[in-house]
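Undergrad: One structure is given below, represented as structure tokens, and several questions about it will come after.
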């Protein structure tokens, strides 16, 4: 990866960490709306954006999470797993909106990782945790999709990473 792509991913990681910190009160726990998850949509424009998001998830969970290593393993693992699935699901002809729908669906479904974590660490009921974390993830990704689409028109996410 060249210097330009590394700088872009560093900026993405910094944005993820900043948003998670600013909205920390609603970014963790059984009921969460992690606004920084909107950056997951960037992988629909270029697969290399995953590095910045993964770094942001790891750093955010390291700094802000009260669950320690558990959040590093399960949160980072969920994000990595979702990105690997999406690399297989994306097709060259997929529209921007179709990719966003795939991102929202995969990240919502894989919130089972977080539900397992909450079950193991906090003894919270799995299905309750899965329902609430998946709901929060879906809301964030659906609500922020138009914003990312608008920003793409201005910034050109695909071209920036090419």
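The backbone N, Cα and C atoms fix where each Cβ goes, glycine too.
Where the annotation comes from TrEMBL, it is an automatic prediction and has not been curated.
Sharing the feature lines straight out of TrEMBL:
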| type | residues | note |
| --- | --- | --- |
| TRANSMEM | 6-28 | transmembrane segment |
| TRANSMEM | 73-90 | transmembrane segment |
| TRANSMEM | 102-122 | transmembrane segment |
| TRANSMEM | 128-151 | transmembrane segment |
Undergrad: State the non-local partners of the transmembrane segment (102-122) in its own chain: residues 6+ outside its ends, Cβ under 8 Å from one of its Cβ atoms.
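TA: The answer is 29-30, 37, 40-41, 43-44, 67, 70-71, 73-75, 77-78, 81-82, 85-86, 89-90, 94, 129-130, 133-134, 137-138, 141-142, 145.
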Undergrad: Which bits of the chain, at least 6 residues beyond where the transmembrane segment (128-151) starts or stops, bring a Cβ under 8 A of a Cβ in it?
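TA: Distant Cβ neighbours of the transmembrane segment (128-151) are 30-35, 37-38, 40-42, 96-97, 100, 103-104, 107-109, 111-112, 114-115, 118-119, 157.
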Undergrad: Restricting to the same chain and to residues at least six past its boundaries, which positions have a Cβ under 8 Å from a Cβ of the transmembrane segment (6-28)?
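TA: Distal contacts: 34-36, 38-39, 42, 48-49, 51-53, 55-57, 59-60, 63-67, 71, 160-161.
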